[in-house]
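K.L.:
TrEMBL lists these features:
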- 1-14: compositional bias 'Basic residues' (COMPBIAS)
- 1-121: region 'Disordered' (REGION)
- 26-37: compositional bias 'Basic and acidic residues' (COMPBIAS)
- 44-53: compositional bias 'Low complexity' (COMPBIAS)
- 73-147: domain 'Casein kinase substrate phosphoprotein PP28' (DOMAIN)
- 91-110: compositional bias 'Basic and acidic residues' (COMPBIAS)
- 136-155: compositional bias 'Basic and acidic residues' (COMPBIAS)
- 136-168: region 'Disordered' (REGION)
Amino acid sequence: MRRTKVNRKGKSRHFSTPEEIQAQLHKLEIKDEKNSSEDENSSDENGSSSNSDSESETEHKPKGVSNLIQIENPNRVPKKPAADPSTAKVELSRREREELEKQASRERYQKLHAAGKTDQAKADLARLAIIRQKREEEAQKRREEAKMKEEDAKKKIQQSSRRVDGKK
């Protein structure tokens with residue numbers, strides 16, 4: 001009895017060694033170099049007429065049914081040509097959009113507040129006006145008191161000088 005199922009694809013397996021692979025690649029490179037040098041030589045010799053000839057030679061007509069059937073992966077969606085990336089509209093997430101709106105509204109409010117058009121700015125300006133008025137009144141009172149003290153001091157000096165003059 002056999003231990004495994006019979007493989008019908010052949011009995012011996014052949015594995016290429018790295019040296020054999022390198023030799024095959026080397027042969028292909030040499031062949032490609034010869035072909036490219038021949039193409040360059042033929043194009044130099046023939047001039048402009050060789051361009052049309054070489055184009056017709058390189059275009060090979062597919063044989064058989066392969067030229068009639070277009071084979072394409074139905075699951076692969078081809079990439080759409082992207083528009084100019086600078087003009088493409090960037091989709092923002094909800095959080096980013098809300099954050100930008102918040103910043104814009106904050107800046108708008110600051111501009112209005114600086115111009116004095118918001119209710120809070122009006123209240124602040126009114127409060128500042130009241131404070132200025134009180135400070136001016138207090139400064140006026142201090143000036144008047146200082147004048148009164150000076151006048152009292154002058155009167156005392158005059159009275160004391162009269163007394164001193166009167167006793168002499």
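Using the three backbone atoms N, Cα and C, a Cβ is placed for every residue, glycine included.
Note: TrEMBL annotation is automatic and uncurated.
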K.L.:
Using a Cβ cut-off under 8 Å, which residues of the same chain at least 6 positions beyond either end of the compositional bias 'Basic and acidic residues' (91-110) come close to it?
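P.N.:
Those are 118, in sequence order.
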K.L.:
Run through the compositional bias 'Basic and acidic residues' (91-110) and tell me, per DSSP, how many residues are helix, strand and coil.
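P.N.:
The compositional bias 'Basic and acidic residues' (91-110) comes out at 17 helix, 0 strand, 3 coil.
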K.L.:
Could you tell me how many residues in the compositional bias 'Basic and acidic residues' (136-155) are helical, how many are strand and how many are coil under DSSP?
P.N.:
20 helix, 0 strand, 0 coil
K.L.:
Quick one: mean pLDDT on the domain 'Casein kinase substrate phosphoprotein PP28' (73-147)?
P.N.:
88
